[in-house]
Each structure stands twice: as structure tokens, then as C-alpha cells.
Amino acid sequence: MAGLPALPPGSRELFPEDAHAEPVVAVLLPLPLAGAYDYKVPAGMARPAVGTLVRVPLGRREEIGVVWGAGAGETPPERLKPLIGFPECPPLPAPLRAFIDWVAAYTVQPPGAVLRMALSVPAALEAPPPALGWRRPSAGQRAAGQRAEGQGPLPGGARLSPGRQRVLAVLDDHPGLPFAGADLAREAAVGPAVVAAMAKAGLLEAVTRSNEWSPQAPDADRPGPLLSADQQAAADGLRTALDQGFSGLLLEGVTGSGKTEVYFEAIAETLRRGRQALVLLPEIALAAQWPRRFADRFGAAPVQWHSQMGAAARRRAWRAVALGRAPVVVGARSALFLPYPDLGLIIVDEEHDSAFKQEEGVPYNARDMAVVRARLGGFPAVLASATPSLETIENARQGRYRHLVLPRRHGGAEMPEITLLDLRRAPPQKWLPTDFAGPGGSEGLAAPGGANDEAEEQKAPPPSPTASPSPTASPSPMARPARLGWLSPPLITAVEETLAAGEQVLLFLNRRGYAPLTLCRSCGHRLKCPRCTAWLVEHRRDGRLRCHHCGYQQPIPETCPACGVADSLAPCGPGVERLAEEAAHRFPKARMDVAASDTVTGPKEAAALATRIANHDIDLIIGTQIMAKGHHFPLITLVGVVDGDLGLTGGDLRASERTHQLLHQVAGRAGRAERPGRVLIQTVDPGHPVMEALASGDPALFLEVEAAERQALAMPPFGRLVALVISGEDSARVQAVAAALGRAAPMGPGLDVLGPVPAPLAMLRGRHRHRLLLKAARGVKVQPVVRHWLSLVSIPPGVKVQVDVDPISFL
């Protein structure tokens, strides 16, 4: 039939020419559906290959899906709807399709829900409209242009100005390739007006050109820094792995050992072989230094991929990857699902980081899925960390991963000295408030709120940095009572000494905002989120109370919403804003800034902060966990951990492991160059295994204790866990479904089901939540067990059962 669309470039036909006039194909749609739908291929339409993107009708709308195979043939052809056409987009590569199927099966999720992550930018599925370009005109046109300038037919444009000659030289170096005007001007080192004038004179020919983005290619042969013997041995190991197909490798190195430069060598070798490389970072949107280091090493920036990119940037990045024009991608976990035509290496940096686990939608761990993606593609996956997860360590011990170790800091720098400050013996001291403008002067923190929070400080005892006060009466408005401090005398002295030496200090407190809890001193009411089982966190900088789970916010009230008493609300416990308030009082001459995810909101802000720290425009940084990852600031010689015990409490399986990793990482920010560093950790429990391991400088000491405890309980990595989270707006329905799942719980050797119980976050975003936890022996295949379990219970409308295989959060 005339006018039917042709296949996009890169596709081939699925069916032979003598096949039935209207063959049937299975099309997977990016929707949470049970499987692919059958569609017929109209007579005369090109017959698509597996992986081809197609437009199909779905109800009254049109969707773009992917041909997943031949149709099942269960529906009569006359009842099938026909394909509409093909978007101008390369087909999904076979390894990506296999990966989508694997992830869906492993996570017990619909394959269409996984496909949606691969087709996350619908606008990228169509080619951009062609744009105007310029190229060298034909000989006849060139002569006409010269005559128009009064030059006559002089050969070679001898009378052209030097700038115009450079423009034509660029075009001669790329015969037949049209340039955008701005690109041509940049390559020839002329202004845009020169190109415009040449076009008007007929010296350039206007043509339409593809508007696809082609990022500058990194130079794999650009010389890198001289590697140490340890680095060279590790780099050789990675290069060897590139010759051997799939393998998993653990690149473990102490903080400052130069792991990045080692895996840069593997990226360079991958580029020499003409293949693509992917680097996953836990918070790429906030990692300002990594792209700079890459550009310094390879002479070009990597293609970035993360959620804070604008729609246009995501569109062009997605298509650049799909068209093979993105040699190196650095991204967040979702970059795993980009359509690489020839991926040859995956690096997972900071592989231990919990940010690699997606909790919403399709729950998956990008660290583990990266290894699967590499296995399906037949190339290496490198997991890099100074504090590897216990799961990764166990895989290395069992021989599943090759273990490469960098035991020393690069360049002769020494590891920092770590000292525990026992707050029971040297508690923080109170301080008298003065006028306070906060870091950055008028643009910093807001001034304290008055008598209500001062009253709390006057009454509450200070045994711990996170102690909560008891309600008390308001003092006289004329009083200037002492406030609770969060910095102990030894830490204050160390900060003063470091600042006096012209060096920088990082005070670490992994808690955003001003105070984690606000209560009424009159009636004891605690301000809670109306949509979640969580306290509202005060953010005094902008006068708001915020829920850190759902995003709800409200102004800080002047009266208690429960009893109506005015000026009775008191903040409890410290956040980074409150710590900054004390630091500004104790170190008034220090230039100070706060680094948290709500103050450093994206790549530009992160880059600006990193530049200010590197240029020593800041003396004292007060930061959360975003300061613990990958930063290299040679002048930071003191790290003070304000609350080392934060995160150790609660029933989280990995609480101790995560605390050890985080504190070890933040300690690694100290003394990364020729100046020695020291780390002071405030704690009320210096005998805790985490604290003892940190003080000893021997992470293996902690891992040995942690592994023994997990193995005794058959917990991961020595056992399997699957969480079922039942949620809905109707509490009774949620409880009924949870109870039904409890009654239908699987039984058998190596299986145990805990629950149902209300989740610790019993309400989240207005939905009631219950949990069950399937605990299984290491060798049990849990997915068939879970599928059968779910099939035994009818799930009513409005109730959702979320399956989380290998959970890391138990909220």
C-alpha cells in the first residue's frame, strides 16, 4: 500500500518476504501491564524486527511500544488492531531487551514497567527537525561568489580575508559535512557575523542538516597522570579484564588512593576499542568535581544523565546514546537503562551507597543490576569503593569478583588520625547568643526566633548532640539565656587551631534543616506531617516546617496548633542550620557555608561551592553526607563529626554498616595532600564496634564482626529477603489484604515470613502501610515463591502490594 511508513535506519525485517500478508507481532508497551500485546502488520507495511519501536493504538490514544517478538497468535487476526507506523528512532539493542526481561523477572514486576525506564524520554523517540547548515559551495557557485565580491575568478579565493580563509579551510577539512553557523564560527575562530557575511556573498552554500547532537569525543590517547605502582597494577588488571569478556571486579582503595585515575585507564582502553563506557555515581547531580577531572584527563566532557537535567538536555543525551554518539556516559542509576548500541564497560563508583537503590516504581539496586547488564553484554563491571558493601566483599571472598586493592594514598599522603571524643566526659558547653546573621551575612541563615527556642536551650541538659529537651516555661523577654551547644571543648579547640593555621575545617552532621523536631513547651504537642508518620523538620533559613518524606511544608506557626499558647514552640535537637548558628558564634572570623541537599540543589550550585572551597574562599564547611563523597580539597585538614552515633539506633539491618561507611568516607576528606589530617568523632558510645573500628583505622575489624552477626542470623548476604509493602488510602482494606497475605504465607524448608505489621512509616503520602518480610535461605529462588504467594490473594481496587526483592530500607 502506497504511503505506508518505512522502517527507521538500523532496523531489519522480522518476517521473510513470503510470510502471511498480515503477520502478527507482540508489542511491549511502557506501561505496568502483564505482558506484550499482539498487533497485526498491515499489508504493504515494512515488517519490523524485534526491537523496532512502533506506534500502536491503545484504546482511544496512541502509544509507542517495542516489538518484543512474534505474536502469540491467541487472538483471531481480524480482531487485532494494526500498527500505525514507526518513530524515527534506532531499535532497542538486544542486550537491553534481555536486561529488561531479566530485571522484570528478578524484581517480580511487569516488563512494561521496566521498559518505561528505558523509554523515559518520549520526546527522544522522534528525530529533531532538520536545521540550517553551511558547506563549501560547488565550483560554479564559488566563482559567482568571488565575482560578487569583485574578486574576479581568482583561483582558491586568494583575496579572501584571513578569517574567511579559515572558515573555508574548516569546510575543506570536512568535505560535504554541513556545519551549524555557531559551530563553524567556533571551529574557525571567527565571529558569527563573518559566517553570515560569507553566506550573503555566496561563499557558503545553505543546506539542511541533521539536528542530532554530537558531543565532543574524549581523547583516549591523551596522556594521563603518572600512576603509582599500586595504581598501575590495578589498571593492568582492569585492562586484562577487557580482553576476557564478562567479569565482576571489586576495586577497593583507601580514600585518596586514586581509584578514579585507575578506572580512567580502563575507560581509555574501552574507547580505543570503539566501545561505550558508563560510569554510575550515586549523586551525579551534586558531583561537581568528577566531570572536571574527566575533562582534564580526556580533553572533553562526558555525557551526563540525571533527574535534574532539563527536558531538552535529557532528550539530546538519550538520542546521542542511542545513535552511538556518546562514547562515555556518567549518570545516576537510571543511566543503566539507556539504549547503548555498543556498551563495553560499566563502572559503579561508591558502590556501597544506598542511593543506588530505587525504592519507588520498580525497586532495584543499580549496583547489582550493573553486574547483570555487563554479564548480558559480555563485558566487565567494576565496583569501586573505599568501604565496599558486605555483599560485594562476600562476592569477592567467594571468588565471584576479582579483588583489586589500593592500600595506600596516592602521592605519599598519610591517612588521617582518628580520635573519639567521649561526650560523657567532655560534654558540649552552653553558649550565650549574640546578634547572628549566619554564614554569608544577610544571605545566610535567618536570625534566631526569640524566646521560645532560647527557653529550650536554657533548660535542656546536654549529654548528647541529639538530646531532646523537656517542656519548660518561657523566660523573661529581657533574658538572654544560654543555649545548648553541640560542639565539645576538644573539638572547639581543634577547630580554632586549624583555622589559625590557615587551613580548612569540615564539621559533619548528617541532618538537614535547623531542628528535627518541634514541640510545645506548654502541652507537649509535637508537630507532625498530616500525610506521613513523621515529625516536621524546622528549616529556619526560610521559616518553614517540612516533611522530609513527602515534601509537605507549612510556615512555622506562632501558636501551638493543639493548645493555642503563643511563643511556646521549641526546636529539639540539631540540624546543620542550628550547628551553623553555634559555629558562627564560636568562630566569628571564619568564612562559613552550609552544604546540604536543600542548599546545594543541583550541579551549578555544587560546582560553585566546590570552587569556593578549592579557592579557600571558605574556611569552615558545615555539611551533610553530600560532603562525604568523592571530594578532594587539600586544605581540609580537620573533620569534626558532631554526632557519630546518629544512624546507629533503630531496627535497620544495615544501620551499623552504613554508619561505618559514611563516617569512614567523611573522615577520608581530611589530609588528602601533603598536609596531615585529623578526624575527631563525638560519640556517647566509644565502645561500639563501629567506633572501635574507625579509631583503629582497620575496616576489616568491623566487617569481621558484622559478617559474623549476619551469618548467625542468616541475613544478607548469607540469606535472602523479600519485602511486601501493602498500602492504600483505606486503612481497613490495607489491613485486610495484609492479613490475607499473612494467612497465605508460604511455608517450607528455608522459608520464614515475618508479619504482617504496621510499617515504621505507618502512613506515607496519605497512604496507610503494612509490611511482611519473607526470609529465605541463600539457595532459595524467591521469585517463584513470591509469584505463587501473590496469586493466592485477591487485591481490591485502591490497594497496592509492592514487592521489594533485596530490600535495604525497612521503613
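Using the three backbone atoms N, Cα and C, a Cβ is placed for every residue, glycine included.
Taken from Swiss-Prot, the feature region 'Disordered' covers 130-161 (among others).
Residues or ranges marked as compositional bias 'Low complexity' by Swiss-Prot: 135-152.
Over the domain 'Helicase ATP-binding' (240-406) the predicted model carries a mean pLDDT of 94. For 240-406, the entry in Swiss-Prot reads domain 'Helicase ATP-binding'.
Taken from Swiss-Prot, the feature ATP binding site covers Gly253, Val254, Thr255, Gly256, Ser257, Gly258, Lys259, Thr260. The DSSP secondary structure for Gly258 (ATP binding site) is coil.
In the motif 'DEAH box' (349-352), the DSSP tally of helix, strand and coil residues is 0 helix, 1 strand, 3 coil. Annotated motif 'DEAH box' per Swiss-Prot: 349-352, in sequence order.
Marked as region 'Disordered' by Swiss-Prot: 431-482 (among others).
The compositional bias 'Pro residues' feature in Swiss-Prot is assigned to 460-474.
Taken from Swiss-Prot, the feature domain 'Helicase C-terminal' applies to 490-709.
Summarising the annotation, Swiss-Prot assigns Zn(2+) 1 binding site to Cys520, Cys523, Cys560, Cys563. The Cβ of Cys523 (Zn(2+) 1 binding site) has 13 neighbouring Cβ atoms from other residues within 10 Å, across all protein chains displayed.
Among the features that Swiss-Prot reports, Zn(2+) 2 binding site is placed at Cys529, Cys532, Cys547, Cys550, with the record citing sequence analysis. For Cys547 (Zn(2+) 2 binding site), the count of additional Cβ atoms within 10 Å of its Cβ stands at 20 [all protein chains shown]. According to DSSP, Cys547 (Zn(2+) 2 binding site) sits in a coil region rather than a helix or strand.
Counting same-chain residues at least six beyond the ends of the motif 'DEAH box' (349-352), those with a Cβ under 8 angstroms from any Cβ of the stretch are 250, 259-260, 263, 279-282, 367, 383-385, 387-389, 392, 629-630, 661, 665. Distances between the Cα of Ser257 (ATP binding site) and those of the binding-site residues Cys529, Cys532, Cys547, Cys560 are shortest for Cys547. The two recorded residues, Cys523 (Zn(2+) 1 binding site) and Cys529 (Zn(2+) 2 binding site), show a Cα separation of 18 Å. Gly258 (ATP binding site) is 38 Å away from Cys550 (Zn(2+) 2 binding site) when you measure Cα to Cα. Cα of Gly256 (ATP binding site) to Cα of Cys563 (Zn(2+) 1 binding site): a span of 54 Å. All protein chains shown were included, and the count of other CB atoms within 10 Å of the CB of Cys560 (Zn(2+) 1 binding site) stands at 21.
Using CA atoms as reference points, the binding-site residues Cys529, Cys560, Cys563 were checked against Gly258 (ATP binding site), and the closest is Cys529.
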